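Features reported for this protein in TrEMBL:
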{"type": "COMPBIAS", "residues": "1-13", "note": "compositional bias 'Basic and acidic residues'"}
{"type": "REGION", "residues": "1-38", "note": "region 'Disordered'"}
{"type": "DOMAIN", "residues": "313-406", "note": "domain 'Transglutaminase-like'"}
{"type": "ACT_SITE", "residues": "C321", "note": "active site"}
{"type": "ACT_SITE", "residues": "H380", "note": "active site"}
{"type": "ACT_SITE", "residues": "D403", "note": "active site"}
{"type": "BINDING", "residues": "N443, D445, E492, E497", "note": "Ca(2+) binding site"}
Amino acid sequence: MSETTSTREEKKPPLNGRRALPPNNSNDEENEVPEVDPFGLIPRGFNPKDYLRVVDIYMFKEPHEINKQQHHTDKYYNPKLIVRRGQPFQIQIDFDRPYRPETDQFWLEFLMGRYPQQNKGTYIPIIVGNVLKPGEWGAKITHRENNSIRLSIMSSATCIIGKFRLYVAVWTPFAILRTRRNPATDMYILFNPWCQKDAVYLDDEKEREEYVLNDVGIVFHGNVEDVKSRSWSYGQFEENILDACLFLMDKAELELSGRGNPIKICRVASAVINSRDDNGVIAGSWNNSYDYGVAPSAWTGSVDILLEYYSSKQPVRYGQCWVFAGVFNTFLRCLGIPARLITNYSSAHDNNANLRLDFFLDDEGKVDTRLTKDSVWNYHCWNEAWMTRPDLPVGFGGWQVVDGTPQETSDGMYRCGPASVQAIKHGHVCFQFDAPFVYAEVNSDIIFSRMEKNGIQVIEKIDTTHIGQLIVTKEVGGDGMVDITEEYKFREGSDEERLALETAVMYGVKKQTTRDTTYQPQTDIDMDFQVQKAVLGNDFKVTITFRNRSRNSYTATTYLSGNIVFYTGVPKSEFKKHSFSAKLEPSSSSSFDVVIKSSEYMSDLLEQASFHFFVTARINETGKILAMQKATILEIPTLRIKTKGELVAGKEMSVIVEFTNPLKQTLENVTLRLEGPGVLRTIQKEFRSIPMNSTLTWEVKCIPMRPGLRKLIASLNCDALRHVYGELNVQIQKP
């Protein structure tokens, strides 16, 4: 006995004056649990075989068995038992002889991490009783037969989520006898949106099926006037994804005892999804060069990214906002937190949080890129997660904004949220976390101003409606788009909107007033412009229209600037400058066309084929300036996907991807990716070149595993052409 005591003492963690135990923040590490735990000296005649002994534990962990069916976890591609908290599950214990409740005494132990402690929720002993209380740990015997008993076990609705180890302990007069460590009896406990006592409870079954169980989604991109969509494979049930998601919390060093709280999990996850300051999952890149990595537009889903990070432990290159949001959505749904991906069109990135984006014009009315630091993203994607907010006053639970894209630091790290959508709408931006930043993303004003020679700043135009014009998400149960702008803001110009703004300002959002003296716009002339819809590689025109409502004749010196921009609104290069003088007759409208040739823009084009046009007109008679700006995107060709053969689970079928090159140039070093959760693992193929007007065909053979409606998603990527997608819904039959 003395020998074992001394070896056990050597394994103690090194002492540290600040805490009795090292931090317990890894779900992966384990402690050694003794099989025989003596109460003191053991008498010589003691034979453990005289007492009740556990022969086997049966977990009912197959997808078709009762536990995974009742807990909605049958889709996880994982051999271990997975249950949701606050809901009973069944196990069976086989002993070496019939169980006698009068004399035999046993209990269950659930352990997590290296230093399990009962008060931290990482060591949970469960005595078998007669009745189960809803939402509290407990166990009762439901069936006894021969040497076996069937137990129903209830977990707490607030317990830690993650992977637990299970032991059965039997009491004897001299020692506690435990089962041997057996990884087959490990089990995962997840959040439970089906349980009323859980913080993530969602009461609508259709919404639960969409926001927790749907493993594909839609990303809306493009811009307000031309909304585009593409599919994204979340793949939260695929092999090893659950372990990869738990590893993210270990990576973020989230104390195990905090892992029952969805607010904490979202906060640390929004930091660890990006690689800034903690070597997190995805490295962002917005500069159009993606050496040594995958271009953000080439990814078709989250699975490859999470698995690569889980194995390499190094940031995966590269992502932009929809990639961060897609991976974050997988993480949340995988753990059981209802989540959806949101797109905000014309999203403000306001560097100094003053609710205004300043665009500075020079004397000619052109935008001065040296002075202008703020930018308007064509669109920005973030996530919403559903949970109660016991840390805020009543009424601020429900959807919370969380954002993994690194834009600004929050409490010293690149992260954002959770911020209550309800609080943002009503201007209560004092409630944690990061509500002022999100409020500015959807509510800023754009102010065009010009410096006069004497240093006075003259405001030429205030645009209060451009930012956050449209906020959307995918509809429940379909691929359509739902406009949720009204969940974030009241109608433009309504009294409630004014009140929400005053509330936000009262809570410290900076809003500089624009004194009326400096702002006297020209009110009797309206200017607008339209950009013709165009396919990539073709010419198109911009039409500028003036409406002179006065009785005076005016001449307007008009300037059009066309810039190729990143989707974040940051310009890369000006490819078109055009100025002309427009004669505006009294009480009439006049239109002017400017032709944009493909040769002017093709060489500099960026991957999202995004242009930004500024039109400014100086009215010569009054010296006033009219200013307007719009983003536009070109139509990008799509991939065609079709199938060949029978679509039956377990049988071989073919998927064919076709693409015709529409450009007036050869595409070189082209990468195709194809994936479909439940049908085929992601595969990619390189093609050296595709000449102009020629068609590429790629056939892939696969054996679909799961019956039901599935989605195939493909992307094509090369330096000259990105954001080329195709998708196809396929119905896989049961064998």
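For all residues, glycine too, the Cβ spot is worked out from N, Cα and C.
Taking the Cα atom of each, D445 (Ca(2+) binding site) and C321 (active site) are about 22 angstrom apart. Taken together, the residues of the domain 'Transglutaminase-like' (313-406) have an average pLDDT of 90. Within 10 Å of H380 (active site), counting C-alpha to C-alpha distances, fall the following of the recorded positions C321, N443, E492, E497: C321. Of the listed recorded positions D403, E492, E497, the Cβ environment within 10 Å is emptiest of other Cβ atoms at E492. Under a cutoff of 8 A between CB atoms, and with a sequence separation of 6+ in the same chain, the neighbours of C321 (active site) are W377, Y379, H380, C381, W382, T405. Take the recorded positions H380, N443, D445: by the count of other Cβ atoms within 10 Å of each Cβ, the lowest one is D445. Note: the CA-CA distance between D403 (active site) and N443 (Ca(2+) binding site) rounds to 17 Å. Apart from N443, D445, E492, E497, the Ca(2+) site neighbourhood in this chain, defined by C-beta within 8 angstroms of the site C-beta centre, holds T464, T465, I467, G468, K489, L501.
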